[in-house]
Amino acid sequence: MHDRHDATLVGTHCQYEYCNQLDFLPFRCQSCDHTFCLDHRTETSHKCTKAGAWAERKRKAQLAQPVIGAGKTLNDRVSQKPCASPACKTTVGTSLTPGVHCSSCNRDYCLKHRLKEEHDCKNLVPIGARPIQIDVAQKTKSVMDRFKAWGTKQKEQAGRALPKPKPSSAAARVAAVNQLKKTAKGDAKLAPEKRIYLKVEAEAETAKAKFPKGEFFYSQDWVVGRVLDAAAKSLQVQNVNNQSAKEEDKLRVFHVEGGRVLEFNEKVGSALQSGNTIVLLRGVGPAQEDLITM
């Protein structure tokens, strides 16, 4: 049994390897939670296995506290980077200079430029923001404006208003389709019972089409997107639908008789009939229902 006054029962041995010195005023490392003597109290001197852990905990605690007058909290997700203000050279995201994330423009700033008026937030486009979505009414108006412009241009060139009025009788419609069958071009191998005969035109501003219009037949089993590709090739209209994600670059198919923009995946046999007219338009937006109600 040890003597109660034995010196080894008082104090703590340094836990640094090869030291083991008995220290009556030991230091506890806040990172690795081990005890060390005066000489090995710092993380560097005892080669701490969790160096920086204490400083990181302290930084997180500071980040969780509101910034006075900012109306925000410091964002713990701000990584080390320059302040987003162009004229500022401060590095944010460090233990000494935490960054402030602005949720409006989605950028990180130093404390000096954290306020919206300090970094001209209202004139910045948010990082990662999607293009502003135009409401349905505006899209519809856009399509109609484009269609009216197309009709006016055709009227000036051909001396007639478009779209052409439908034949007044079933017999007249049959006669018109029979006439179309004589002039329409297409794949001769396609069975006659599978053919849909259409009049195809390209809007003047869609592209510099070498052939602004034509008469063609397509398979009733095709989807509208395939008809668009074939028609654009026949009229020599630039088609970048598979190369650009921008709606203003995309070609769309406008069905004159139906008064609407067709979906790419619609079946030709369901959406169109022989004798119908379709127009290739660019940048009119996704398909909308009932654009013409007259």
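Just so it is clear, glycine is given a Cβ too, placed from its N, Cα and C backbone atoms.
In TrEMBL, annotation is done automatically, which means it is predicted and not curated.
What TrEMBL says about this one:
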DOMAIN    8-56  domain 'AN1-type'
DOMAIN    77-129  domain 'AN1-type'
The domain 'AN1-type' (77-129) [mean pLDDT, rounded to integer]: 85
Helix, strand and coil totals (DSSP H, G, I; E, B; other) for the domain 'AN1-type' (77-129): 6 helix, 10 strand, 37 coil
